[in-house]
């Protein structure tokens, strides 16, 4: 017997029954937040019985809160035929063993990646059904660590991930993939770079920007690239593996400390800032390093896991006319560290000086980054910068504001001694500070296209 | 008789005399902030008698606070021969009349642009001496409105500038240049776009990234381009005129609402975000519009000056694990408006929900922007976004966080009515919100180089 309410249960199921709307029915839903039209999608096994998932005309899947629903009406029916065949993931003796750690949502589902809705492929068998190429790349096992949306990831999850990674490495794994929503993927990558040092195997964070059932989805490709990298790369670092910039011919590997999301919806959203990407990856050519030096894969099982984080750290993003109360409030609320994202070479306005002095007296650790994202905090150039340094703000060179936030939290989790904090902050663990930014690391990197390379060479600083 | 302490006075002069160090002397200065070596530069007329300006080996000029000086020693002497011949700025009847409004520092000096030190060319005669090409472009007059470093510019200066611009327009000027430090130049450009609406003539903000005495200085070129634009452009909008991206063959004109500083030290730092630049400018080819539609120059003297600003507005730049106290403190401190720079399509974490609800109850106006800078806040896609909208946060489409901050201050200076605030915020005045972002507006724009255009065309979203 066919399940016309496939995957729905509890209160969501009651609502569908009440209004006689089936899974795969085209429905018009009147809610307190407006009217929605689309196809009711099946749901996968999950604990949520308060949403009905609708695929709307834009291609996005949205979850309708059942408590907002005033009425629903089925106005058509079309059952999509795709499904994931559940098959046993084949074991091939010569292939590397890769572990996929899930953090939330699904990866390589046939439907929305992030809401966790509908035919999620997570078990090795499901992933094999959805992306059979994986079986030619590695022997895959999976473990769901938590079910958290990307924007709700934080120190607790970073620490748990670091510990889990450490265990996998001890147990002999050849490479690790971490499935992650894209919103804060780069923050987690920075945290794991600091928390899991000198790993002998690749640690690859991957996500997707487009729902797997959309023709333009990057989910399967990113996952294949991540699996290849985890299993075969000689680069043993914490990396982000996401869609390349020009085509789907290759993906980029980014260092976890220098990567940032630069577009809210494009697939080519992750960019290495202030440097070139670490490498390109595709299944035809394998891994092609762009950076000359990196941490190499080793046979040993040595790894330093440092799962520390002081949560009383904040970012102050400077804007004109900022008033001292912004910093005073942080001090009063017990914050121990502040990353300032200043203007220009690392400046803020004069009205903040008194608050900065007060923060310094209370032992708050303050570091300056630049909101231009590219370039260095050079605070010796102008009066303003030198004044701020004299008041105790330390320039964090070309560390990204987000990376500096994660690193300061990690450092303050270990020490409150100002000199030691400064030393740890300014000693790069994996290129979060570099000596120089290459000319072709500004805004866009494009290797392999001679005309563009030539253009970038001419691109004057 | 030669002035061996040229331009120094008061306490700074006393220090030079005490240590027998002359202007143009190569000096080693021991200070409480370390040792500095360089050439003591002459100072221009100014009210500062507490700094000695030193050109150091990097090419930067730095101002040494005299109160930090322990000792100075002259170890050499070389008088630079360049000087600005002060000549009368020629008046040519057929050329347009352009007014340069100064905000601080100097423009097209032979030395440091921003510290205001040494042979600043500001009067028409000095500017003519420094950049004689200006006399072929326009009839220039100048007025120094204030002397404020870029990072100290704020609402008070925005309002005064708007009023001054209005008066110039009424008095018949053909175009206006505003000399400005680069740190917050784009914020001022956004403010003037909102405060001076539908102007009949171009309003052009210009600065320079490199000191005028350095071979790579962009000061003179930017100024010539700005003068040409102010005097001759058919585009009558608030624009930023700065160094182009590939060479000094042309400058870019950027809309004041869509421009952002993207590198702390490169000359090609100002970029139009989420769109193509408005136009290119050089003296050979004039203005070449890239955007098809713009506000055209008019003969009439009509202009709407709206010099309003509510200062209790802030930006909250989201980071993982942000706690509600960040927003609670703003509410407690009487803030009336908050721009959130969220992750992804416009998200923050669940722990902030209660603080957001409380802020909303207190009548705080909250708008969502994206910290990816490129792309839109699309809050209907995920549960998180819809939850936040239900709590009263309004997505600001593709408005830049900085522009949204300036606009919300300007809007709240006029009304506190939620519906009117929303209407004003979401009704674009000059493309701070656009219907779509063109494919070649992502990260880098390069017109005129066919290979690069082709590359960008292939550049898949």
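Easy rule for this one: first residue shown is 1, then count along the chain.
Using the three backbone atoms N, Cα and C, a Cβ is placed for every residue, glycine included.
Automatic, uncurated: that is what TrEMBL annotation is.
Predicted-model confidence for the domain 'GatD N-terminal' (A:31-68) is 81, expressed as mean pLDDT. Summarising the annotation, TrEMBL assigns domain 'GatD N-terminal' to A:31-68.
Residues or ranges marked as domain 'L-asparaginase N-terminal' in TrEMBL: A:97-282.
For A:106 (among others), the entry in TrEMBL reads active site.
Taken from TrEMBL, the feature active site, O-isoaspartyl threonine intermediate applies to A:106.
Residues annotated as substrate binding site in TrEMBL: A:150, A:182, A:183. Around residue A:150 (substrate binding site), taking its Cβ as the centre, 26 other Cβ atoms fall within 10 Å, counting all chains.
For A:182 (among others), the entry in TrEMBL reads active site. Secondary structure at residue A:182 (substrate binding site), as computed by DSSP, is coil.
Taken from TrEMBL, the feature domain 'Asparaginase/glutaminase C-terminal' applies to A:312-425.
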Residue A:183 (substrate binding site): tally of other CB atoms within 10 A of its CB: 30
Secondary structure composition of the domain 'Asparaginase/glutaminase C-terminal' (A:312-425) [DSSP: H/G/I, E/B, coil]: 48 helix, 22 strand, 44 coil
Pairwise Cα distance maximum in Å, substrate-binding residues per record: A:150, A:182, A:183: 7
Count of other CB atoms lying within 10 Å of the CB belonging to residue A:182 (substrate binding site): 27
